[in-house]
């Protein structure tokens with residue numbers, strides 16, 4: 001009897017416990033969402049600014065409904081301005097300009113062709129008018145849809161082609177039942193242009209986010225991550241079993257993994273950067289495609305580094321006495337390649353021509369050549385073949401890394417030539433304090449510590 005009462009009371013007890021724990025669960029969920037939102041804002045404060053900019057743009061175009069003169073001029077078509085802001089406003093200037101220009105040009109051209117098609121169809125009989133309109137919609141929709149499959153059109157103009165089909169069909173279909181097709185087209189085009197112009201102005205002139213600048217920094221950061229891995233690889237691979245691994249070294253050995261998945265981001269930012277006007281140190285027609293070439297070579301190097309990391313974390317390691325025989329050459333290749341990659345990253349970030357990267361690459365090639373000669377002498381003749389294979393594979397991968405570093409250096413030199421990077425001497429000279437002019441000492445902001453005033457008595 002007691003067991004039956006417990007079974008009957010079970011669902012009610014569980015429901016009561018659920019309702020009792022509901023406030024605590026809701027509170028923890030709210031705290032979790034708040035912490036995630038805080039982390040998003042701290043990771044990139046520009047996200048908060050972007051949200052405020054979108055809110056401002058939508059508020060401004062919503063005034064069409066608040067003021068009677070504006071609403072009477074555009075009517076319900078004013079909603080197209082709000083829709084345009086919501087759809088066009090993107091995080092970066094390039095993405096916003098690309099969508100804005102695509103939408104504006106597509107709306108204008110589709111509206112012009114739609115009015116023309118409706119006008120031509122109106123000259124025919126009442127029976128043939130819907131047939132001609134349907135035929136024009138079919139031909140243009142099919143042709144533009146096929147054009148969307150072209151890779152270049154897909155990359156840069158896919159959104160505009162989609163809006164073209166939508167606008168043309170709306171005008172043709174609605175114009176068949178409404179004689180004021182020209183007035184409808186004028187209102188829609190005007191509101192779309194107003195919404196697009198508001199979006200572009202706010203995006204450019206209020207805390208702009210440049211996709212080209214982000215792409216520039218991303219490529220440099222990826223090279224730095226590869227250099228950081230190679231810098232710590234030599235000491236980690238030839239570390240004795242009793243030595244402990246530092247946390248900083250472990251984090252630097254894991255940073256390269258984000259480089260492996262950077263292809264889509266780089267391609268998107270290159271596409272957005274091509275829409276952006278001249279800004280900062282980036283001129284008109286900046287060689288953005290060269291960044292894709294550098295990014296491809298960087299990922300090829302990252303794949304080899306992934307192989308090195310697999311051998312580094314493998315449970316089966318070659319004996320230390322076998323690894324020690326190639327330690328000097330491998331460490332030299334790893335460190336010199338690291339210096340070269342970090343020098344190339346600094347050159348890209350500061351937009352100066354790399355000066356010492358070639359010297360480091362030459363040193364790494366010398367170490368690779370000496371390692372090949374050392375292996376040919378048969379230094380592992382008496383060792384077990386299964387113990388030799390992992391170490392020999394690591395040496396071979398390091399030689400490939402040296403070759404990849406050389407290719408990356410060539411691409412960076414090509415970028416420096418196409419983008420007219422300054423030489424290192426000119427950049428250093430530009431940062432030096434100016435000499436005395438007209439008997440006055442020029443202050444230098446780089447001097448730290450107490451300042452003294454020296455007064456010299458004498459003739460002027």
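Every residue, even glycine, has its Cβ placed from backbone N, Cα and C.
Per TrEMBL, the feature compositional bias 'Basic and acidic residues' maps to 448-460.
Per TrEMBL, the feature region 'Disordered' maps to 436-460.
Summarising the annotation, TrEMBL assigns transmembrane segment to 48-67 (among others).
Taken from TrEMBL, the feature transmembrane segment covers 73-93 (among others).
Among residues of the same chain six or more beyond the transmembrane segment (105-125), those with a C-beta under 8 A of the stretch's C-beta atoms are 132-133, 136, 140, 160-168, 170-172, 175-176, 181-182, 185, 188-189, 192-193. The transmembrane segment annotation in TrEMBL covers 105-125 (among others).
Beyond its flanks by at least six residues, the transmembrane segment (131-150) meets 113, 117-118, 120-121, 124, 158, 161-162, 164-165, 168-169, 172-173, 175-176 of its own chain at Cβ-Cβ distances under 8 Å. Residues annotated as transmembrane segment in TrEMBL: 131-150 (among others).
Among the features that TrEMBL reports, transmembrane segment is placed at 157-177 (among others).
Positions annotated as transmembrane segment by TrEMBL: 189-211 (among others). The list of residues near the transmembrane segment (189-211) in space but at least 6 beyond its ends in sequence, with Cβ under 8 angstroms from a Cβ of it, reads 46, 49-50, 53, 56-57, 60-61, 64, 74, 77-85, 88-97, 100, 103-104, 107-108, 111, 268-269, 272-273, 276, 279-280, 282.
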